[in-house]
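A.B. asks: Can you read through this structure? Questions will come right after.
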Amino acid sequence: MPLRTAAAVRLGNMSSKLSQKMGLGAGGMIGGRVALKLDPQALARLTTGRRVALVTGTNGKTTSTMMLSRAVSALGEVATNHGGANMPDGHVTALSKQPDAPYAVLEVDEGYFPEVARAAHPAVAVLLNLSRDQLDRVGEVRTIEKSLRTALAGVQGTVVANCDDIMVTSAARDSARVVWVATGTGWHNDSASCPRCGDPIRWQGEHWHCTGCDLARPRPDWITGDGFLITPQGVKVDLSLRLPGKFNQANAVMAAAAAAALGVPVEEAVQRLRAVSNVAGRYRTIQRSGHRARLLLSKNPAGWSETLTVVREADHPAVLVINAHEADGRDLSWLWDVPFEKLRGRQVIASGERATDLAVRLTYAEVEHTIVPDPLLAIDAMPQGPVEVIANYTAFRDLNARSASE
Amino acid sequence: MSSSKVQIALVLPDLLGTYGDFGNAVVLEKRLTWRGIPAEIVTVNFGEPVPDSCDIYVVGGGEDTAQTLAVRHLREHPGMQRAASRGAVILGVCAGIQIFGEHFTRADQVTHPGLGLIDSTSHAGGSRAIGEVIAEPVDGLFQGLLTGFENHQGRTVLGPSARPLARVKVGTGNDGQVEGAVQGRILCTYLHGPVLPRNPQIADLLIEWATGEKPAPLELPAVTQLRAERAKAAGV
Ligand SMILES: [Zn+2]
């Protein structure tokens, strides 16, 4: 490690420990921020000599990163940023904590992907899905798609991409080596028109093609089934995940395909990622005042749609928690893109700092509900037994912290 | 009304549905049906012809590319413009206000022809206007404050045939002074949130235009509470 980077990393680690000691936070980012200030090339230098996998997309980044890091640990020590610190300072912090790990699996914010990919020369880049998310902060999906398209075309390694997502397909198609995964999931509301030529996209079953140019669903190498995957060699492998829902199956198959690109045998990869049961507190069940509350995180319309499908498997009461801080996006217009109508007939409480915005949405969805702004009190107000708690980003974070400390 | 049901056309939600614009159509539909007036949403997707027989048209916001495609589509299938000429009610949100005008100029300085439905022109402003908006009615067109969220770069100048919907108290709107446009039965606004869930008085104004009758009072406690909360948060 060059002297300057070594010093930057040492200082970085010190301030990270200091910030943990002083209770300033989990220390996930501040160390990296100091290191990057002292050495702007820190990310490039810290990834040199390692095999790096980058994971990006709108939804499922944290879960897929954890799954992939578990799978890759079959090959050796893995440096990873699980915890959601997915910008360059978080990467530098994670890498400096494990300077000798020969592998790195990094979750990357989609806006930072071009910068991180240039610095890290990934052996594998995983692109999960692209949909609207925090339009007031992140910007429009098409802009993100274009910047990812340019960045991925420059990636020398393998690109693992979801071919059931039109935006992802367009972003990944120009790359030298692409492994296509049929995940069975994709958010179609942002891609009625082709990201390349603007003409309408036509769907026929699972297939889709542009009516104006040659953009079309590529032939998948990996296929996601209900509870299983099929490898490019045609081998069917049982998933038996502990995490619920179709989108976690999609995350798992993306992780298995990426692990395979790094040389992990598929059976071994699946066995390892199968063990994942709790990702930074998500899917955790808390016991409280006679309730078993399952905590589910959903940040945007695509995420909420999937989560509402998961909670539909049983008819448990639901507490929905909405905040609108900077990290959530201050604009709540997306509430109208979520099919809350699916909750009709169920016992529902609107909660969080913006419970009233949600209550208006539920009123027009004809979902009976009450308002209890404090989510823990909302859980208490439900009949005893299982409760589904779905929260957006800061609401989830705060709920997780409070439920852990009580 | 052209059929037994009030038909609400949700125009190109797959292109112009960026800011929960579906919500505006739902609010109109529910506020009609809850009062015993049959209503339905007719979704017109990209690639499909636009009917000229609907009573209310709802046009939402979209990204620049989507907006250009939408104009192209609406020119090729001018059902909404035909409906406008016979007095149909039209709500244009965000991109709506830009594409309904004579022309609009993007940040790249390229000028695109609009649909010519309202007397206005739009151009890209220096900075993006993002945040909560509060505005007061002009000429007693509606009751109470207009509240919503804006996220746009466009600035709009109204000609003599169009009048502003409201005067801005907090936020930017068309130009920092006024917000939206009204011309005949066409109502445009930069506000989403979306706009009708937060502003039931505007929803009922559109319903009155479409049915020819002032709708019966309809009080929703959550909506009243939300309006108070948003005004308070904006410091009004
Ligand atoms: Zn095309």
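Each Cβ is built from the backbone N, Cα and C atoms, and glycine gets one as well.
According to TrEMBL, the domain 'Mur ligase central' annotation covers A:55-259. Per TrEMBL, Zn(2+) binding site is recorded for A:CYS194, A:CYS197, A:CYS210, A:CYS213. The annotation active site is assigned in TrEMBL to A:ASP331.
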A.B. asks: When each of the recorded positions A:CYS194, A:CYS197, A:CYS210, A:CYS213, A:ASP331 is checked against chain B, which show a C-beta distance below 8 angstroms?
C.D. replies: A:ASP331
A.B. asks: Can you give me the residues near the recorded Zn(2+) site, meaning same chain, not A:CYS194, A:CYS197, A:CYS210, A:CYS213 themselves, Cβ no more than 8 Å from the center of the site's Cβ atoms?
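C.D. replies: Here the nearby residues are A:PRO195, A:ARG196, A:GLY198, A:ASP199, A:ILE201, A:THR211, A:GLY212, A:ASP214, A:LEU215.
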A.B. asks: Could you find out if DSSP has A:CYS210 (Zn(2+) binding site) as helix, strand or coil?
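C.D. replies: DSSP call for A:CYS210 (Zn(2+) binding site): strand.
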A.B. asks: Cα-Cα separation of A:CYS197 (Zn(2+) binding site) and A:ASP331 (active site), in Å?
C.D. replies: 29
A.B. asks: Counting Cβ neighbours within 10 Å across all chains shown, tell me which of the binding-site residues A:CYS194, A:CYS213 comes out on top.
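C.D. replies: Its Cβ has the most other Cβ atoms within 10 Å: A:CYS194.
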A.B. asks: Kindly assign A:CYS194 (Zn(2+) binding site) to one of the three DSSP-derived states: helix, strand or coil.
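C.D. replies: Coil, per DSSP.
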A.B. asks: Out of A:CYS194, A:CYS210, A:CYS213, which of these binding-site residues is nearest A:ASP331 (active site) by C-alpha distance?
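C.D. replies: In terms of Cα distance, A:ASP331 (active site) lies closest to A:CYS194.
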A.B. asks: For A:ASP331 (active site), name the DSSP secondary structure in the helix/strand/coil scheme.
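C.D. replies: Looking at the DSSP assignment, A:ASP331 (active site) belongs to neither helix nor strand, so coil.
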A.B. asks: Taking A:CYS197, A:CYS210 as the binding-site residues to compare, which has the smallest set of other Cβ atoms within 10 Å?
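C.D. replies: Each of the binding-site residues A:CYS197, A:CYS210 was scored; lowest Cβ tally within 10 Å is A:CYS197.
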A.B. asks: Among all the protein chains here, how many other CB atoms are within 10 A of the CB of A:ASP331 (active site)?
C.D. replies: 23
